[in-house]
Each structure stands twice: as C-alpha cells, then as structure tokens.
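Visitor: Residues or ranges marked as substrate binding site in TrEMBL: Thr143, Lys169, Thr184, Glu270, Asn393, Ser398. Residues annotated as active site, nucleophile in TrEMBL: Thr184.
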Amino acid sequence: MRVPGFRAAAAAAGIKTPGRLDLGLVVADRPAVAAGVFTRNRVKAAPVLLDTARLQARAEARAILVNSGNANACTGPGGLADAEESCRLVAAATGVPADEVLVASTGVIGWPLPMDRIRQAIPELARGLSEDGLEAVSRAILTTDTAAKTAARALSLGGRDVTVAGMAKGAGMIGPDLGPPHATMLAFLFTDAPVEAPWWQAVLAAAAGTTFNRILVDGDTSTNDTVLALASGAAGGPPIGPGRPGAAELEAAVTGVCAELARRICLDGEGATKLVRVAVTGAPDDAAAERIARVVAASPLVKTACFGEDPNWGRVAAAAGRAGVPFDPGDLAIGIGGVEVVAGGRPTGLEAEERARAAMRGREFAVELRVGTGPGRAEILTTDLSVDYVRINADYRS
C-alpha cells in the first residue's frame, strides 16, 4: 500500500507485548491538508485533545505518530505533556515542525505512556521511513484485533492518477460517535489528491457519519476514537473543492474506503462469529429509523440470539418498541435472514422460523424491520455477542 507523498515506518517499542509492533509513524513529504473527526465521549484522551486543538488552529499536518497498548487517557496534565513531547521527538528526528505532528493512542486507559521507550524508538522510526511502510503501521496500531485492516481506491482525476488508502484498528469498545472536529477505533486515510481544507473536513465528516458511525460491536464509545485524513497533493493539479471537477469522484472514493474499513472492524469484532445488518424502514424519518436500528443492534438479547442462531423475533420486537419512536405494533414486520417471521405484528409460523434459523447459520445475515409506511430508513452493522467476547474482556488487563 503506497500513497505518493507519504513515507511510514513501524517499530516494536515495548509498549505492549515484547516483540510486537506498537509504534507507527507516517510523515508527509510536504505539508498536507489535514482533517479529523474525534470521539464525542466527554472523557477524551490526551491525543484527542491535542489533535482537536491543532486542527482547529490550522488544517495542516506533516506527521502522525500512533501507539497501541496504552490509551494515554485519564492521565491528567502529564498525559498531555507526554503527547506534546512525543510531537517534539518526532520533530527532532524528522525535521518537521512539532506543531504539525498529530498523535493517536489506543490501549489500556489510565496508565502513563512509557516515554523512555518512546524516546528510544522514534529515531529508529525516522531512519526506517519508506514509501512501503504503511502496511507495517497498519499492524502496529492493533490491540485485540486479529488482523490488519486496510483499504484503497485508485481513480483518475483530470487525467491524473490518484490514490485514496486507509487503515483502521478496532475490535472491541466499538460504538463510535464521531463528530467534527470534536472511534476503541482508529482510522487513518491518505491521498495524493490536492484538496481545499474546508471541503476536505466536510468530506471526512460526511463519510464517517455514514460508515464508522453506523457500526456497533459492543456499543461502548471510546475515549480515543479518531479518524484522521491527510492529503499530500502530490498528484498535482488544482485543489479539489465543492463543485470542482473530480469532487464527487474523490468523495465517493473516501466514503468507499471508510465503508470497507468499517465493515472490516465489524468482521473482526471481539469474539464475533456473525456479521448482522440491522435495517429499518417505514419510520417517520431517517433519524427515527436510526434510533430503532441502534437499539436493536445494541441489544444484548438480540446479539446473543444471533450467536445462538435462534430467530427469537420477540427480542427484536421488544428492542424496537423501547427505542422511543412511535409506531403501531400492528404494522410491525420482521425478517431474519431474508425470511419474514413477523407480519402485521404477529408471527408467521414455526416453518418460517426454521427457515430463518437455517439462514442464521451463515457468517452474515440481516435483521430487517418495517415499522410503518413512512419514508425513514437506516442501517446499522453489528455483530453477535459470544462467550469469547466475555473471555477477551474479562482478561483484558490481566
């Protein structure tokens, strides 16, 4: 995975399990237009506070330093000082301005960063920077993930070849609530397209809203959720902005990369054995449909039924009914795995349930609800809730 205008490297700094990559650095060859969306959790990690302030001051960056194994959250003024020192260390090792370095962290909350190890590792990262380093960084950001998550799109804009590539991490604590410029999930996007800064921020915010904000593993919104997007402009040409040639194509590529990364996060959900698409139609508006979909997708009873391959539509109906959206229960229809198990608010019979049960044996299936005749519709991508999820999180700090 290469994106012109960027070099990257990763190292095993000893922040988490010895020998595992846990520190990554991406450097832009020249100032890149930067955009970011961050967690709206009121308890924000130090990197989120630092990045938010920097992007509000100037939509430009030269580097991203990211570590896994330590969230640098709930660490007080010392945590912010460590984040700022990390930026200065990158600046000293690479020659980029310290205030143009962004940082991100993921891991255990409440522990101070092991700055002695980070101080030793950053010069090594700087020496190892290469155009082929993004793949290594995609592995360095993982925690309970079982696989790296990358995606890319190639397109032609104005006769110039352009790349949009991204990486993400996330398997647990996934219930992103990302806002501009306010996921644990982290995602980093890179492109060589030239862009206008306000438009780039709007594109990222819109893409995150329809992708990362529509996935749910356990419903917990992290202190560290971060999506950063850097545009190097190395492809050349005039900056792309609203209404400009290539704007729609580039926006579609960014959204496509985000959608693929979001799907990969769900597929790799902690202990997950099923990928479940919860779709709601017939609501008064899209916001109402999303409220119902979120409650159903987050319901532990619905999720455990999915794990058990049990078409327990009663749990789906109960979850929909407590979402706070008015609808006539007599209009409710529920489909599981493409089989209608409820119509007109009543079960369609045991034979339908058995066909739904068979569909649930697959890796992926849908839970679909029709709550009326309104125009509102929404989808949330979620997972089942397995015994392994409990085991992974019971042992997380031990």
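Cβ from N, Cα, C; glycine included.
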Visitor: If you count other Cβ atoms within 10 Å of each one's Cβ, which of the binding-site residues Thr143, Asn393 has the most?
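Guide: Output for this query is Thr143.
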Visitor: Would you mind ranking the binding-site residues Lys169, Glu270 by how many other Cβ atoms sit within 10 Å of each Cβ and giving me the lowest?
Guide: Glu270
